[in-house]
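First comes the structure, then the notes that go with it.
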Amino acid sequence: MTNSRETHLLMKIINHSFIELPTPSNISAWWNFGSLLGACLMIQILTGLFLAMHYISDTMTAFSSVAHICRDVNYGWLIRNMHANGASMFFMCLYLHIGRGIYYGSYLYKETWNIGVVLLFAVMATAFVGYVLPWGQMSFWGATVITNLLSAIPYIGTSLVEWIWGGFSVDKATLTRFFAFHFILPFIILALVIVHLLFLHETGSNNPSGINPDSDKIPFHPYYTIKDILGLFMMAFTLVMLALFSPDMLGDPDNFSPANPLNTPPHIKPEWYFLFAYAILRSIPNKLGGVLALLASILILLIIPLLHTSTQRSLMFRPISQSLFWILTANLFILTWIGGQPVEQPYIIIGQTASILYFMIIILLMPLAGMIENHMLKPKW
């Protein structure tokens, strides 16, 4: 008798995607982050749905409605803390997932990689509009500063900003539309995730060695489902610990004050996961130049496949490129630290140096290292 998962139309898709999927036998724990991101997305959609049932997107009541959720709604405090810290977990997994892709050369699956970059933009947009919703001081001023950057676009800039605001400043219309965007974007992300997986399953997964794994594949279930469940438990444990013991550790104290357009906070800064990009934005004194550098810092991921010069796919056997990769990682930590510091010396010069190094490693040094390693591997006779 044929198993229903092999004949039923829907079950067949699930079977070929998650059960009998041929998977390289040597993929490491770094391949766990895809499933963890899926779990994060589900957590965010569910907690967000329950928050949306009680949240009011009006400038007069938004801040109070969040306080009401935390005080009066059954387990509202937990749902809110899980949602706020779930975003941090999402970005941690996202950056590790991208780092894995760069280290092991997964970017050579160009369609999967490009959809992934689009996903990154969508997640960043969702997080940004979501941060505005509690209508605290940092929410309001963050929205004002970041949306104002669009005014740097020549000719249409000012009109574009006022169109996004729905008026001449960040106000009720802005909050209402940001709530609408924040509600719809996760479902767009969900659709993009399916496309991402569709392209991935066309080629199959990459593996740490970077060589063709077709000769040695095993079914996804039970081997990798068990491995993914372990990762899921570890992530869930970290998230619950964060939400229960230090829920405000990654937030900004300014956001405990209701939004006040007449009082600017001394240091306007985004959440920690945007600080590296914010540091790159601030490192250029010109407004338009800063905006272009900000966009380039993410869009640069799209040209990484074009900059691959090595005959080997992975960095596993390439010590020079490995060193550069870890310098790039350290550089991103420095940029994150600088993004949270005031605009004064020595932070300005450190931020500018780190920004130049960021682009230099990706555009110049990594391709150069690949060429040098190719030359070193040539037989000497």
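Cβ coordinates come from backbone N, Cα and C, glycine included.
As annotated by Swiss-Prot, transmembrane segment applies to 33-53 (among others).
The feature transmembrane segment is assigned by Swiss-Prot to 77-98 (among others), with similarity to another entry given as support.
Per Swiss-Prot, the feature heme b b562 binding site maps to H83, H182; the stated evidence is similarity to another entry. Here the Cβ of H83 (heme b b562 binding site) has 21 other Cβ atoms within 10 Å, regardless of which shown protein chain they belong to.
Taken residue by residue with DSSP, H196 (heme b b566 binding site) is part of a helix. What Swiss-Prot records for H97, H196 is heme b b566 binding site.
Per Swiss-Prot, transmembrane segment is recorded for 113-133 (among others), and the stated evidence type is similarity to another entry. Remote same-chain residues near the transmembrane segment (113-133) are listed as 55, 57, 62, 66, 87, 90-91, 94, 98, 101, 106-107, 139-140, 142-143, 146, 174-175, 178-179, 181-182, 185-186, 188-189, 192-193, 195-196, 199, 270-271, 273-274, 298-299, 301-302, 304-305 (criterion: CB distance under 8 Å, separation of at least six residues from the stretch ends).
According to Swiss-Prot, the feature transmembrane segment maps to 178-198 (among others).
Look at Swiss-Prot and you will find H201 tagged as ubiquinone binding site. The Cβ of H201 (ubiquinone binding site) lies under 8 Å from the Cβ of H16, S17, L21, each of which sits 6+ residues away along the same chain.
Annotated transmembrane segment per Swiss-Prot: 226-246 (among others), in sequence order, evidence recorded as similarity to another entry.
Here Swiss-Prot flags 288-308 (among others) as transmembrane segment, drawing on similarity to another entry. Counting only same-chain residues 6+ beyond the ends of the transmembrane segment (288-308), those with a CB under 8 A from a CB of the stretch are 98, 102, 105, 107-108, 110, 113-114, 117, 120-121, 124, 149-150, 152-154, 276-278, 280-282, 355, 358-359, 362-363, 366-367, 370.
The transmembrane segment feature in Swiss-Prot is assigned to 320-340 (among others); the stated evidence is similarity to another entry. Residues 99, 102-103, 269-270, 272, 274-280, 282, 310, 347, 350-351, 354-355, 357-358, 361-362, 365-366, 369-370, 372-373 of the same chain, all 6+ positions outside the transmembrane segment (320-340), place their C-beta atoms under 8 angstroms from a C-beta of that stretch.
Here Swiss-Prot flags 347-367 (among others) as transmembrane segment.
If you measure from the Cα atom of H196 (heme b b566 binding site) to that of H182 (heme b b562 binding site), you get 21 Å. For the pair formed by H182 (heme b b562 binding site) and H97 (heme b b566 binding site), distance between Cα atoms is given as 23 Å, rounded to the nearest Å. Within the chain carrying the transmembrane segment (178-198), a Cβ under 8 angstroms from the stretch's Cβ atoms is held by residues 17, 38, 41, 44-45, 48, 52, 55, 57, 112, 115-116, 118-119, 122-123, 125-126, 129-130, 132-133, 143, all 6 or more beyond its ends. Of the two recorded stretches, the transmembrane segment (33-53) does not lie close to the transmembrane segment (347-367), with fewer than three CB pairs under 8 Å once pairs fewer than 6 apart in sequence are set aside.
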